[in-house]
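For reference, TrEMBL lists these features for the protein:
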| type | residues | note |
| --- | --- | --- |
| DISULFID | Cys71-Cys296 | disulfide bond |
| DISULFID | Cys218-Cys266 | disulfide bond |
| DISULFID | Cys247-Cys254 | disulfide bond |
Amino acid sequence: MIQKRLLNSYFYSISCRNPRASMQALRSYCKIMTGLLLIGSMNIAVANPWPAQSHPSDSPPHAIGQVGNGCIAGAERLTADGTGYRIMNAHRNRYYGHPHLIRVLQDIGVFVHQRGYGRLQIGDMSQPRGGPMPSGHRSHQNGLDADVWFELETPHRQLHKAGREYAHSGAPSMLTRDRDGLDLDLWSDSHREILKKAASIPQVDRIFVNPHIKLDLCRHAQGPRAWLQKIRPWYGHNEHFHLRITCPSGSSLCEQQDSLPAGDGCDDEALDWWLQQPLPPSAPQPVPEKNMPAECRSLLYAN
C-alpha cells in the first residue's frame, strides 16, 4: 500500500530529526492509521453486496454453482414457526433455501412433533439470494444448507422472542467441559433418532456432526446402518448439525459434491483419526477468492 509506505517514511524521518517530536508524531501516525483501517473495513463490507439483498428473486427456484461459491434463484422463505420447529436469530435474514430444503426441514419438524421431542430450533440457512455471508459460513451459498440446533425447545425450556432472535452465541455444546466426550445430561436418544430420521430422507446428501457424535451414533445404531454413511464427522458441530441436500432436479447449474465414501463411516481407524486431531486455529486461514458463476452476477440485482 503506497500511502502506508509514504506515511511510515514521513513519520520515521520526523522522529529521527527531532526525537522530542517522536511521541507527537507517533500519536498522529496512530490516528491516521486507525482511520485508514476503518475505511478499509468499510470497503470490505461494501465489497460483499449479497447480505444487502432483502428478498428472493422473482423467478423459478434454481440452485446455482457450489455450496461454497454460488447463489439461489427463487428461494423460498422458511416460515418462522411451524409444526415441530422454529427459526432462530431471525434478524440475520438467513432463513431461505431451495423448496426441497424447506420440505426436508418441515418433514423433520413433523417427525419431532409426532415423537413428542419438543421443537427443532433452525439456525442459519441461506440469504434471500444466497451468495457469501459476511460471517459464520463459507458454504450455505446456494440454498442447500441448514444448521439445526441440537438443543430442543420443550415446555420446560422455552425461549421468548427476544432470546431466540438475539441469542448471543447460539446453542449449547453437547460436549463435556473438557471436550473429550458427550455430556449425557444433554445428549439423548431423541438426538440420535432425529439424526437417523434426517439422514434417511432421500434428498439429504450429508450431515456434518462433531466426531464424538458420529462415534456415539455408530455405537448405538440398531438395525440397518446405511443412513450412517451420510453422517460425516467434522470440526466443531458440537452444538448443531449441518444438513445439506443434493442438487435438486431442475437445477442444472448446481454442482453436486463428490460422492461419499462407501460404508457406514464407523471404521475405528478413521474415527480415531478425527478424535485425535487438534482443533483448527480459531482464525480461519485465507481462502483464495473464487469467481462466482455468471448467473449469480446477473441474479444479484434482478427484480
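Cβ atoms here come from the backbone N, Cα and C positions, even for glycine.
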Given the disulfide-bonded residues Cys71, Cys218, Cys266, Cys296, which one's Cα is the least distant from that of Cys247 (disulfide bond)?
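Result: the closest of the disulfide-bonded residues to Cys247 (disulfide bond) is Cys71.
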If you run the three-state DSSP split on Cys254 (disulfide bond), which class comes out?
strand
Please give me the CB contact count at 10 A for Cys296 (disulfide bond), counting all chains in the structure.
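Here the count is 23.
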Translate the DSSP assignment of Cys71 (disulfide bond) into the three-state scheme.
strand
Other than its own, how many Cβ atoms are within 10 Å of the Cβ belonging to Cys247 (disulfide bond)?
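So the number of other Cβ atoms within 10 Å of Cys247 (disulfide bond) is 21.
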Using C-alpha positions only, work out which of the disulfide-bonded residues Cys71, Cys218, Cys266, Cys296 is nearest to Cys254 (disulfide bond).
Cys71
Can you tell me how far the Cα of Cys71 (disulfide bond) sits from the Cα of Cys218 (disulfide bond), in Å?
35
Relative to the Cβ position of Cys254 (disulfide bond), how many further Cβ atoms are located within 10 Å?
22
Counting only residues 6+ apart in the same chain, whose Cβ is under 8 Å from the Cβ of Cys266 (disulfide bond)?
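Lys214, Cys218, Arg225, Leu228 - these are the non-local Cβ neighbours of Cys266 (disulfide bond), listed in sequence order.
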Just counting, how many other CB atoms are there within 10 A of the CB of Cys71 (disulfide bond)?
30
Counting across all protein chains shown, how many other Cβ atoms sit within 10 Å of the Cβ of Cys218 (disulfide bond)?
17
